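Some notes on the structure that comes next.
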Amino acid sequence: MRIAILSRNENLYSTSRLKAAGEARGHQVDVIDTLHCDIDIASNNPKIRYMGEELPQYDAVIPRIGASITFYGTAVVRQFEMMGTFCINESVAISRSRDKLRSLQLLSRKGIGLPKTGFASRPDKIQDLIKNVGGAPLVIKLLEGTQGIGVVLAETNKAAESVIEAFMGLKANILVQEFIEEANGADIRCFVVGNKVIAAMKRQAGEGEFRSNLHRGGTAQLVKLTKEERATAINAAKIMGLNLCGVDILQSKNGPVVMEVNSSPGLEGIEKSTGKDVADMIFEFIEKNAKPNANRTRGKG
């Protein structure tokens, strides 16, 4: 098969692992820089040009779209869809999951466990917003943040008010969420491919830190999921319409709660902590499912 990986940097761990895994299975794998793709829109003749040349027809595309280029990246993925190419994650599913507020609204509609969350453009009383999620300690998140950037733990109501006022002064969109203290700075990353959790790791925040992201110095180890955690991850992926994603779960006193569904999860942490060949399993899924015009919109909203 001829397969394209959309990635800004072919030397990144995830990109290089995917390329190597695909080639080891006998596929031709091309790494394409998303921002160097030009979209040609013509009636009944959609095309993509790359570095001035028309791209060939690919059997499948693996999008690795960074948060900073979501709009353009999903436009490129959508153009591949118009050309009849199988995309492991559809453009609409990537957009859906990348919007933190939208994804939480859709997950809540289907009864997925979530932390109490508030959102307001200009609340009449900031104290009411804080009260509605249970008061301090609480977490304040920028809607556009990634890898733990733009996430603040406010330990008192007064501190929460100050942070919210500061963000609002910058006209930033924020979420206010209850702090799941019993998680003790740990979360679980479930790596979902198709309708299966193929690997899972428990990430522990570093000393004095509450964010467990590996980019922020957290550590990771293999973890065995409960049936409830596994079902939560699979259902969250289905609701987002993603064939490939990382579902981040916290263990709360009320059961598992979903913090995020990541449409472009990194492979390094999950492969090294679990010893599983995740990249190979991704290509196994593609081989079974990639057919011309096989994309069918999954998820709603």
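Glycine is no exception: its Cβ is also placed from the backbone N, Cα and C atoms.
Quantities reported herein were computed from a predicted structural model and do not represent experimental measurements.
What Swiss-Prot annotates here:
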DOMAIN    104-287  domain 'ATP-grasp'
BINDING   Lys141, Glu178, Phe179, Asp187, Arg211, Ser212, Asn213  ATP binding site
BINDING   Asp248, Glu260  Mg(2+) 1 binding site
BINDING   Asp248, Glu260  Mn(2+) 1 binding site
BINDING   Glu260, Asn262  Mg(2+) 2 binding site
BINDING   Glu260, Asn262  Mn(2+) 2 binding site
Cα distance (Å, whole number) from Asp187 (ATP binding site) to Glu260 (Mg(2+) 1 binding site): 11
Cα distance (Å, whole number) from Lys141 (ATP binding site) to Asn262 (Mg(2+) 2 binding site): 16
Separation of alpha carbons, Asp248 (Mg(2+) 1 binding site) and Lys141 (ATP binding site) (Å): 15
Separation of alpha carbons, Asp248 (Mg(2+) 1 binding site) and Phe179 (ATP binding site) (Å): 15
Neighbourhood of Asp248 (Mg(2+) 1 binding site) by C-beta distance under 8 A, where only residues 6 or more apart in the same chain count: Asp187, Ile188, Arg189, Cys190, Val258, Met259, Glu260, Val261, Asn262
Confidence summary (mean pLDDT) of the domain 'ATP-grasp' (104-287): 90
